[in-house]
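Below is one structure, written out as structure tokens; the observations come after it.
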Amino acid sequence: MSNCKYAGKIKEFIPKLTPTLHKGQCGRIGIIGGSAEYTGAPYFAAISALKLGADLVYVFCCKEAGPVIKSYSPELIVLPILDSGNVTEKIENWLTRLHALVIGPGLGTKPVNIIRLCNERSKLSVLPLIIDADGLRIVNDNLDLIKKYHGPVILTPNEVEFKRLSSKFSNTEAINVASSLNSVLIQKGSTDVITNGINFDEFDFTFDDVTITCETFGSNRRCGGQGDILSGCIATFVAWFELFKSNNTFIIPLSSVSCYGACAVTKTCSKLAFQKFGRSMTASDMIGCIHQSFTSLFGS
């Protein structure tokens, strides 16, 4: 088993596969994304969540993207409703079924303010939100929506997206941005910085506010889609955390453990795929390595 600093803690909330489980108990994930121009991003996020071990993944996309995403995989539940007239009502009916929601992959510039809907919906639900890619544009223009959201919010900016987001604040350090937005923030890079706003010198699992780093080495190949894979993996780990939390009293930090696990899996996928494909490695090659990556870090 590969060296993963927090493997023991992560394994505590990975659901064990038993004969008594029924479909949905290992996670129901939603992906908000997919437009006429971008169909790959929501697929990569969705299939990653599924391959990591979520039971059901729903993709809420625009009408033009629906048939394309469906053709990629028959295992995804694709709902092309984002550009329908009553999109808010239609999506709201699904929210209570989900354990985590990814907003942004391939969403494009279409002004679908799902975050506002989730904010209103939070009176009945504190659905965890993972916001990436085009979803971060919504955050930049609606910071108060994130600050006021009752449930967990995880932001996953790359270098350019982080500069754009942090420019809204006088202190541009990741820890301050996360604290100001009342969110978990993963500043992606060769070393991923994971913080929800308070820094401790040593990691302590009795605290829910920590800054840690994932130094797992991936590869030097920067193919498109890696961020989408990470978002999907985060969603599954967060869903497992929510399910674990609802059935157990042991408290572990969401920002540290679930996000760290997703970062480690994604980077290990990159490493394994690059070893096999080298410069020709693509995100699809990484998808094929999710199982091996997971088992090398956490066992079966």
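Glycine is no exception: its Cβ is also placed from the backbone N, Cα and C atoms.
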Swiss-Prot has Asn158, Glu159, Val160, Glu161, Phe162, Lys163, Arg164, Asp228 down as binding (6S)-NADPHX; which of Gly85, Gly106, Gly288, Gly299 does it also list for that site?
Gly106
Identify, in sequence order, the residues in the chain of Glu159 ((6S)-NADPHX binding site) that are 6 or more apart from it along the sequence and have a CB within less than 8 Å of its CB; answer 'none' if there are none.
Lys188, Gly189
Including all protein chains displayed, how many Cβ atoms other than that of Asp192 (ATP binding site) lie within 10 Å of its Cβ?
23
Which has the fewest other CB atoms in a 10 Å radius around its CB: Gly106, Gly225, the listed binding-site residues?
Gly225
Spatially speaking, which of the binding-site residues Ser190, Ser219, Gly225 is closest to Lys163 ((6S)-NADPHX binding site)? Use C-alpha to C-alpha, please.
Ser190
Integer Å distance between the CA atoms belonging to Gly106 ((6S)-NADPHX binding site) and Cys223 (ATP binding site):
16
What is the separation, in Å, between the Cα atoms of Gly106 ((6S)-NADPHX binding site) and Arg221 (ATP binding site)?
21
List nothing but the largest Cα to Cα distance in Å, as a whole number, among the residues Gly106, Asn158, Glu159, Val160, Glu161, Phe162, Lys163, Arg164, Asp228 that the record says bind (6S)-NADPHX.
20
